[in-house]
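Record features (TrEMBL):
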type	residues	note
COMPBIAS	33-46	compositional bias 'Polar residues'
COMPBIAS	555-574	compositional bias 'Polar residues'
COMPBIAS	665-679	compositional bias 'Polar residues'
DOMAIN	174-277	domain 'Ig-like'
DOMAIN	283-356	domain 'Ig-like'
DOMAIN	379-459	domain 'Ig-like'
DOMAIN	466-550	domain 'Ig-like'
REGION	1-68	region 'Disordered'
REGION	555-582	region 'Disordered'
REGION	646-712	region 'Disordered'
TRANSMEM	587-610	transmembrane segment
């Protein structure tokens with residue numbers, strides 16, 4: 001038994017074109033006879049049935065073989081190959097499957113008694129039997145599988161069925177590459193505009209080019225489309241299409257893109273690339289000039305003068321300026337972009353400007369229209385007199401002037417307050433006082449040009465002796481601390497400052513008429529005792545400020561730095577003292593409280609003696625209070641009467657009873673005035689209502705338990 005035909009090697013291309021017999025689905029009569037001859041040679045093969053094509057001898061007029069059944073599948077899918085229509089009768093338990101490549105059939109699969117077996121070769125591991133042996137499944141479809149498959153059945157009748165397998169694969173999204181060099185409108189033939197690439201499609205897709213949404217077609221000497229394809233090792237195609245065209249100036253903003261049309265089993269599809277714009281070069285036809293910002297310009301503005309043209313690339317620009325008064329022309333070189341920048345425009349920049357453009361390709365020169373550039377200005381202000389000074393009580397006139405190409409308005413302001421004193425160039429000051437000295441500002445404004453103005457500050461000096469800040473000042477300081485004392489004085493002529501104590505002094509001018517001196521000193525006992533005096537003097541007199549220093553015990557005695565600075569300005573005749581510090585107020589409150597308590601104790605002592613009947617009511621100057629023998633030597637009570645008799649009634653008993661003569665001290669009645677009481681003894685305390693103070697008892701008396709008369 002001869003072996004079946006061997007499978008031929010796969011083509012490097014991996015598939016046929018649409019016009020090949022295998023790929024095109026046409027299996028002509030000559031191919032049928034050739035295949036029938038092959039069958040005759042193997043007619044004795046037990047597994048091969050005679051083909052029905054053997055009945056066709058090629059005699060003219062006999063029927064052609066039927067058209068193969070078409071099966072479509074995408075790359076990577078599974079193709080189901082049926083051996084005849086599903087409704088056709090027959091026994092498929094004995095079937096052979098062939099693949100036809102280059103008009104040669106190759107056995108790839110056998111079916112015997114419903115059992116399938118693959119033949120060695122490229123399809124060995126991708127074939128399987130389905131539907132009780134009537135369907136052969138081919139998996140993992142590739143473009144190489146696009147061919148005719150043939151099945152032959154033998155029982156009960158010899159059968160043959162051909163299947164044309166079509167394979168499809170959608171290409172990737174197309175990419176488009178624009179010509180980076182650009183296209184000149186002076187080109188005499190079509191130039192490459194862009195290239196469209198569609199990768200990994202099958203079969204080869206169709207490409208269509210568009211410009212501004214309109215499809216492009218071949219046009220002699222205007223549009224040319226050149227396409228080529230590459231077959232990848234996988235059998236897929238990569239399409240490359242190049243669009244060449246002649247472009248005009250109107251195409252400078254044209255949008256180009258390509259479209260890929262392809263077919264899948266589901267129908268026709270298409271994919272579009274992105275839109276691109278190619279750079280078009282064309283000569284300029286017009287040149288013009290622009291100024292930024294527009295509108296009224298003033299000195300100090302940043303101004304840009306731009307030369308523009310309608311050509312691409314723009315021509316080479318130069319700028320000329322003609323002086324309006326002298327008619328002289330000055331050549332200026334702008335930046336590469338054709339822009340001349342005036343960072344701070346001045347009145348000298350005013351004039352007639354014009355741009356000139358030179359096309360370096362055609363060497364044609366174009367001129368723009370002239371445009372006037374006007375920079376509005378105000379000159380520096382001049383004030384007369386430049387350094388004004390006057391005596392107290394006199395008058396002074398200040399005048400300012402400035403030039404401008406526009407109408408100017410003047411006004412005078414007081415520098416320290418901002419108050420408008422006069423609208424106009426002249427300021428009159430009458431009956432001048434010291435307070436009139438200081439800064440005055442003249443402002444020149446151009447109302448027609450917003451933001452255009454000039455100012456000038458002048459200081460008026462009033463002759464006089466120095467003015468000081470404070471006449472006197474008190475400070476709480478810590479001993480051994482480093483103290484910064486400041487002193488400010490003003491006057492004309494400018495005063496100088498000196499200090500009564502040694503230290504490091506620094507001076508600086510506050511304004512042309514004022515000076516500030518800062519003295520750094522160490523707080524010592526001598527400085528606490530004497531204080532520091534600041535003396536300001538000029539040719540017209542002198543003035544001084546005294547700073548008194550008080551030691552603050554609640555503060556640290558370690559080295560530290562504190563500052564004494566003036567806070568309120570005063571003239572030379574004023575005297576100001578700093579209010580007491582919060583600590584001194586507390587001491588006064590405590591002293592008042594102690595006095596009130598002493599008075600309360602004194603009243604209690606007097607009331608106690610009155611109740612005991614031992615308070616003398618007579619007018620005798622001095623009586624001794626009866627005491628036990630052991631205590632007679634301790635106290636002596638001296639009663640001095642310095643009150644009116646009616647005031648003594650305050651100490652009478654509430655019941656109004658009178659004591660026996662033996663219980664009274666003195667011969668006068670108790671209705672007399674309250675006497676002055678003085679208690680004295682060898683170890684006692686003095687009580688004095690006039691001084692509102694109590695002398696504390698000596699420690700020996702407190703230790704022995706002795707008690708003063710006031711003890712109850």
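Each residue, glycine too, has its Cβ placed from N, Cα and C.
When the stretches 174-277, 283-356, 379-459 are ranked by Cβ pairs under 8 Å to the domain 'Ig-like' (466-550), first place goes to 379-459. With DSSP states grouped into helix (H, G, I), strand (E, B) and coil, the domain 'Ig-like' (379-459) comes out at 3 helix, 41 strand, 37 coil. As a summary of secondary structure, the domain 'Ig-like' (174-277) carries 5 helix, 61 strand, 38 coil according to DSSP. The helix, strand and coil residue counts that DSSP assigns across the domain 'Ig-like' (283-356) are 3 helix, 37 strand, 34 coil. Shown for the domain 'Ig-like' (466-550): DSSP residue counts in helix, strand and coil, namely 6 helix, 58 strand, 21 coil.
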